[in-house]
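Feature list (source: Swiss-Prot):
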- T10, K42, L74, R88: substrate binding site (BINDING)
- T10, F11, H18, G89, L90, R91, E99, N124, S125, F126, I127, S128, S129, T130: ATP binding site (BINDING)
- H18: site 'Transition state stabilizer' (SITE)
Amino acid sequence: MHTKAIYPGTFDPVTNGHTDLIERAAKLFKQVVIGIAANPSKQPRFSLEERVKLVKRVTEHLDNVEVVGFSGLLVDFAKEQNASVLVRGLRAVSDFEYEFQLANMNRRLSADLESVFLTPAEENSFISSTLVKEVALHGGDVSQFVHEEVAKALQKKD
């Protein structure tokens, strides 16, 4: 049995869709590490430190979840964490092609690393960090898409 999984992402910001997947992964695995990628090429709205803090806040009710920022290759981070599974979310069929390519590349780089795909609950299937940021940027109410702390943090950024 795989006991430790990594759910990687930029989480800029963490959404209810992410939280849904984290909660379900926490039921499937003994330990889940949320790996927050530095990913400066995406020009994140929140710093790595801010994203780590927000994800810790929204996952504090989960005893078997740890939140860690990282840079570099995901497969190297997985090895450092002694994790054998990557958890990835699929919102729509359109996500599958990219995720399939990514899973195959990760398998080539680290043969023992398996990818597991989870789909969000229907009410979260359309939520993306990009859409949430866009709505918030134009003064829209994002409270139904993100944790209260995340909504407040987005308001402060505007």
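Cβ atoms here come from the backbone N, Cα and C positions, even for glycine.
Positions of the features from Swiss-Prot, shown on the structure.
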{"residue": "T10", "record": "substrate binding site", "CB count, 10 Å": "17"}
{"residue": "H18", "record": "ATP binding site", "CB count, 10 Å": "26"}
{"residue": "K42", "record": "substrate binding site", "CB count, 10 Å": "12"}
{"residue": "L74", "record": "substrate binding site", "CB count, 10 Å": "19"}
{"residue": "R88", "record": "substrate binding site", "CB count, 10 Å": "20"}
{"residue": "L90", "record": "ATP binding site", "CB count, 10 Å": "17"}
{"residue": "E99", "record": "ATP binding site", "CB count, 10 Å": "15"}
{"residue": "S125", "record": "ATP binding site", "CB count, 10 Å": "15"}
{"residue": "I127", "record": "ATP binding site", "CB count, 10 Å": "20"}
{"residue": "S129", "record": "ATP binding site", "CB count, 10 Å": "24"}
Based on DSSP, name the secondary structure state of S129 (ATP binding site): helix, strand or coil.
helix
Where E99 (ATP binding site) sits in the secondary structure, as DSSP reduces it to three classes:
helix
Rounded to a whole number, how many Å is the Cα of I127 (ATP binding site) away from the Cα of T10 (substrate binding site)?
15
Given the binding-site residues T10, L74, R88, tell me which ones have a C-alpha lying within 10 Å of the C-alpha of E99 (ATP binding site).
R88
List which of the binding-site residues T10, K42, L74, R88 have their Cα within 10 Å of the Cα of S129 (ATP binding site), in sequence order.
T10
Rounded Cα-Cα span from H18 (ATP binding site) to T10 (substrate binding site), Å:
11
Just to be sure I understand: of H18, L90, S125, which binding-site residues have a C-alpha no more than 10 angstroms from the C-alpha of K42 (substrate binding site)?
none
